[in-house]
Amino acid sequence: MRLRMDKATHSNQEVKKHVRLQDRRGSNVSLVLDMSSLSNIEPIVQISTPRDVTVQFLNTASHVLTQKMLQEWSCNLEELQKEFAKIPSNFITPEELNIPGRAAKDRYKSILPNPQSRVCLKRVNSQEEESYINANYIRGYASQKKTYIATQGPMLNTVNDFWTMVWQEETPLIIMLTKLKERKEKCICYWPEREASYGPFRIQVQDIWECDDYTIRSLSLQFKDESRTVKHIVFSSWPDQRTPESAKMLLHLILEVEKILKAAQNKGPIVVHCSAGIGRTGCFIATQIGCQQLKDKGEVDILGIVCQLRIDRGGMIQTSEQYQFVHHILAMYASQLSEFTDN
């Protein structure tokens with residue numbers, strides 16, 4: 001019996017002696033990864049976010065119209081409504097603009113400046129909230145940077161910020177497209193009747209021209225020992241979220257703006273505002289860019305213009321009625337192009 005047990009023990013020892021670690025866990029071959037098999041694995045597809053889809057549309061959408069096509073398309077109200085409805089608004093949320101004290105400087109809670117193009121006030125040793133103003137740089141014809149600044153109508157606590165921006169950006173012209181009140185306050189009177197101080201700035205009214213549809217003031221803007229001339233236009237015949245009664249008076253305003261800019265010494269962006277800084281402001285800027293396209297190329301891409309505006313400031317041109325109006329006014333401009341360019 002003892003002999004048999006010894007033999008069994010010896011036999012087990014012999015077996016254990018020949019079983020190596022790699023034999024128990026698998027051969028060397030099984031531990032090698034065949035890299036050639038990875039070519040058959042499908043690549044990971046990145047899922048687009050809603051913001052990605054919005055930016056893609058706004059960067060690529062286009063509908064170029066010849067002068068003849070523009071005349072026809074401007075009368076097709078149903079198709080214009082459909083086209084407008086497809087344009088993403090590109091509004092941002094308060095979480096995307098986390099600036100302390102910002103909300104007190106916004107006229108409307110839901111209409112905020114898009115971060116990538118917002119104007120920042122450059123004050124010495126200022127906190128972030130002191131650099132904030134609800135305003136965006138807007139590209140112009142041929143995507144020229146900082147052609148315009150679109151902003152909200154100044155409030156009592158943002159008037160000094162407004163004039164700081166005008167001085168900082170060397171603005172030659174301010175275009176106001178709202179009344180001070182339309183049932184409720186749309187903008188405060190941020191300029192003097194004759195002369196007044198706003199923070200560190202002294203403003204004096206040098207001259208006033210009363211036209212049929214708008215009023216032009218020549219303002220002297222003084223800061224320390226330096227003085228600049230800024231023209232100020234008030235075009236108040238334009239109801240909120242609607243369109244002017246006459247397209248021709250807006251075209252006359254655009255011609256007046258071109259004359260002022262040619263003679264201006266300051267070459268900074270034009271400041272354009274209504275109440276929220278997106279509806280009437282968007283219409284004016286889109287119309288002026290469209291006029292330049294028609295004059296230079298004989299064609300216009302209104303869809304592309306509006307998309308570019310909404311990249312720079314969300315919600316530019318608020319209603320389909322305003323979108324139709326831009327088509328209507330540019331169709332009128334195209335039909336009388338020689339008359340307007342001669343003037």
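Glycine residues also receive a Cβ, built from the backbone N, Cα and C atoms like all the rest.
Bear in mind that TrEMBL entries carry predicted annotations, made automatically and left uncurated.
Annotated active site, phosphocysteine intermediate per TrEMBL: Cys274, in sequence order. There are 28 other CB atoms within 10 A of the CB of Cys274 (active site, phosphocysteine intermediate), with all protein chains counted.
For Asp240, Cys274, Ser275, Ala276, Gly277, Ile278, Gly279, Arg280, Gln318, the entry in TrEMBL reads substrate binding site.
Among the features that TrEMBL reports, domain 'Tyrosine-protein phosphatase' is placed at 80-333.
Taken from TrEMBL, the feature domain 'Tyrosine specific protein phosphatases' applies to 251-324.
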Those binding-site residues listed as Gly277, Gly279, and which of them has the most Cβ atoms within 10 Å of its own Cβ: Gly277
Counts of helix, strand and coil residues, the domain 'Tyrosine specific protein phosphatases' (251-324), according to DSSP: 48 helix, 6 strand, 20 coil
Alpha-carbon distance [Cys274 (active site, phosphocysteine intermediate); Gln318 (substrate binding site)] in Å: 12
Fewest other C-beta atoms within 10 angstroms, as judged across Ser275, Gln318, which are the binding-site residues: Gln318
